[in-house]
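Input: a single structure, listed below in structure tokens.
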Amino acid sequence: MSRPVLSTHVLDTSTGRPVAGIFVELYKKRDESWTQWHNTVTSSDGRIQFPFLQDSMAAGTYKLKFNVEEYYTRNHKETLYPFVEIVFNTKEGDHYHIPLLLSPYGYSTYRGS
């Protein structure tokens, strides 16, 4: 069985806990515009494994949009960022794990394994 091409994980660094229930949208860049390709929510452990295998997710430029404001509203906290967008390039044959480390007034990301 092939490994999914794309996964993500959201961790709230202010609490040290995974973030469940964040609505995440995946877009693919086509010419000069973005086309929504998939959407889902993070699991109870803050993770998503997108249902794309190597033969269905071509090389290109993609964007993950994390709608984080709802998470902070549910937890009665303010945030500077209503959403976080991470744009990244892919090559065929690679796996991409794009984590989001989140706090109310900052965020970071990296290419995970």
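Using the three backbone atoms N, Cα and C, a Cβ is placed for every residue, glycine included.
Remember, TrEMBL labels are computer predictions, not curated facts.
As recorded in TrEMBL, the features of this protein are as follows:
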BINDING   HIS9, ARG47, TYR110  substrate binding site
DOMAIN    1-112  domain 'Transthyretin/hydroxyisourate hydrolase'
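Contacts of TYR110 (substrate binding site) defined by a Cβ separation under 8 A and a same-chain sequence distance of 6+ are given as PRO99, in order along the sequence. Other Cβ atoms within 10 Å of the Cβ of ARG47 (substrate binding site), summed over all protein chains shown, number 17.
In terms of DSSP secondary structure, the domain 'Transthyretin/hydroxyisourate hydrolase' (1-112) contains 6 helix, 55 strand, 51 coil. Taken over all pairs of the listed substrate-binding residues (HIS9, ARG47, TYR110), the Cα spread reaches a maximum of 15 Å, rounded to the nearest whole number.
Counting Cβ atoms from all protein chains shown, HIS9 (substrate binding site) has 19 others lying within 10 Å of its own Cβ. Take the mean position of the Cβ atoms of HIS9, ARG47, TYR110, the recorded substrate site; other residues of that chain with a Cβ within 8 Å of it are SER7, THR8, VAL10, LEU11, GLY46, HIS97, ILE98, PRO99, LEU100, GLY112.
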